[in-house]
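Over in TrEMBL, the protein carries these features:
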- 56-326: domain 'Homogentisate 1,2-dioxygenase N-terminal' (DOMAIN)
- 361-515: domain 'Homogentisate 1,2-dioxygenase C-terminal' (DOMAIN)
- His373: active site, proton acceptor (ACT_SITE)
- His416, Glu422, His452: Fe cation binding site (BINDING)
- Tyr431, His452: homogentisate binding site (BINDING)
Amino acid sequence: MVADMGVYCGPVVEDDSGKGLFFIRWMGVFVDWAGGWPNSRPMEPNKCPQFPADLEYQSGFGNHLSSEAIAGALPPGQNSPLLCPYGLYAEQISGTAFTAPRKLNLRSWLYRIKPSVTHEPFKPRVPSHEKLVSEFNQSNSSANPTQLRWKPVEIPELPTDFIDGLQTVCGAGSSYLRHGYAIHMYTANKSMDDCAFCNADGDFLIVPQKGRLWITTECGRLQVSPGEIVVLPQGFRFAVNLPDGPSRGYVAEIFGTHFQLPDLGPIGANGLAAPRDFLVPTAWFEESSRPGYTIVQKFGGELFTAKQDFSPFNVVAWHGNYAPFKVGIFFGYKILNSAFRMSREKGFLFSEHVFILYDLSKFCPYNTVLVDHSDPSINTVLTAPTDKPGVALLDFVIFPPRWLVAEHTFRPPYYHRNCMSEFMGLIYGGYEAKADGFLPGGASLHNCMTPHGPDTKTYEATIARGNEAGPQRIAETMAFMFESCLIPRVCQWALESPLKDDDYYQCWIGLKSHFTREATNGQLSDVRNCHDESGTGGHRG
């Protein structure tokens, strides 16, 4: 029975009376077996909680999942009985309208010690957060078609937690109208003490670049490292702690929709991000009294606070398909209570709205194996759709380690003007289209129809290698892109920041004309001969 429940034995210790007590760690909760009922370990106020090295997760993107920190805490056969087991309260959190189609419907039932409604009235937070935006207009942001690039954001000197370290760079639309997105960057050096954050505006997709994040949510705990991503759905309360101290990263926020896996089309049933690599937390709870605990709620881009006398992380059990998720960088995790019920229809699974973790190194990239450079959409990890087929409110695309093998091909990304807008970041390493200037922790924005492409050094180095370049492995790199059909407006602080690279345009100024009529026919013949040798039946003119 112990093995079936995923229970790990701990040491025998003595209490003050000298009586031996046998402790076990069960689903991330420390349990006093001799004491009868399992109890959570209270967290000392104002301390960064210590996460176990082997946090346990459930697996699968879009699954309907269930988890209990105490056996029997989930009511059998119904969601809201007159009396819940252990005297818990039943509370539903909805990520979609009640009447949304079942394949899109998102909700979870939480069984908690006290309900979320037990708090004092919300009041505007003082001080306010002037660099947090969710309504983009001429009063708080600017249209800018120029290619923009920023150096890495500096770690603040003053104590700054995740909430105060969030700064909106750009975005489009409105959280009030439930359509649009915002792109933020964060820097922090302080864990969140006696407070939790709740984003009522949309979903957060967090991309750490420096420092691990220990994230406590109502569904359980997640450790997120650089090279991983985590999605925190709209409405869930969470706290971010910093085990490594100074931290930095990127955040994409979407309004009015949720992330899905992209349609694979002719690729087939497998490839890109595998559903099983997405990890969801298991139930974990705090039951101690926490007088003065603060809930910070982001609502319409503004921050409000409310006081309560308990931790919001008091959920003893939960079930549903609406929860945080991550993709995890570490291996050997133990899967508990994984309920695989996936139905991939039209490019999405049954649901995706659980707190999920994802390890970007597990992404299975695809690329051309003969000629030309594939469009970046081939590297889409997650997509937030619009009502137009194939058009994304926001795509999350990565450029991971991979092989380049195309023959007679300019292998770096091509020069481009795009009806979509592209925001790029770099987690580690370099980016194949920029020889220098684009640094880990930095960012760039190429807006709708703004020309962009490889810099002069990259172009010249590629041409110098010629057609003799053999297979090339791009290693030790992880760049990413947030791509949207909506045109972002740029926040004024970002345009005026000393970190903005005002000389970015210079990286292309050195590109010169190589045009010559005499070489054209010979070059075409070389390409045709290459196709003939490859058995592609190239036409001879």
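Cβ coordinates come from backbone N, Cα and C, glycine included.
This view paints the features noted in TrEMBL onto the structure.
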{"residue": "His373", "record": "active site, proton acceptor", "Cβ within 10 Å": "16"}
{"residue": "His416", "record": "Fe cation binding site", "Cβ within 10 Å": "14"}
{"residue": "Glu422", "record": "Fe cation binding site", "Cβ within 10 Å": "21"}
{"residue": "Tyr431", "record": "homogentisate binding site", "Cβ within 10 Å": "25"}
{"residue": "His452", "record": "Fe cation binding site", "Cβ within 10 Å": "19"}
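Neighbouring residues of the recorded Fe cation site, listed in sequence order and excluding His416, Glu422, His452, comprise Pro413, Arg417, Asn418, His446, Thr450, Pro451, Gly453 (Cβ within 8 Å of the Cβ centroid). A gap of 12 Å separates the Cα atoms of His373 (active site, proton acceptor) and His416 (Fe cation binding site). Across the domain 'Homogentisate 1,2-dioxygenase N-terminal' (56-326), mean pLDDT in this model comes to 97. Between the CA atoms of Tyr431 (homogentisate binding site) and His452 (Fe cation binding site) there is a gap of 14 Å. DSSP classifies Tyr431 (homogentisate binding site) as strand under the three-state reduction.
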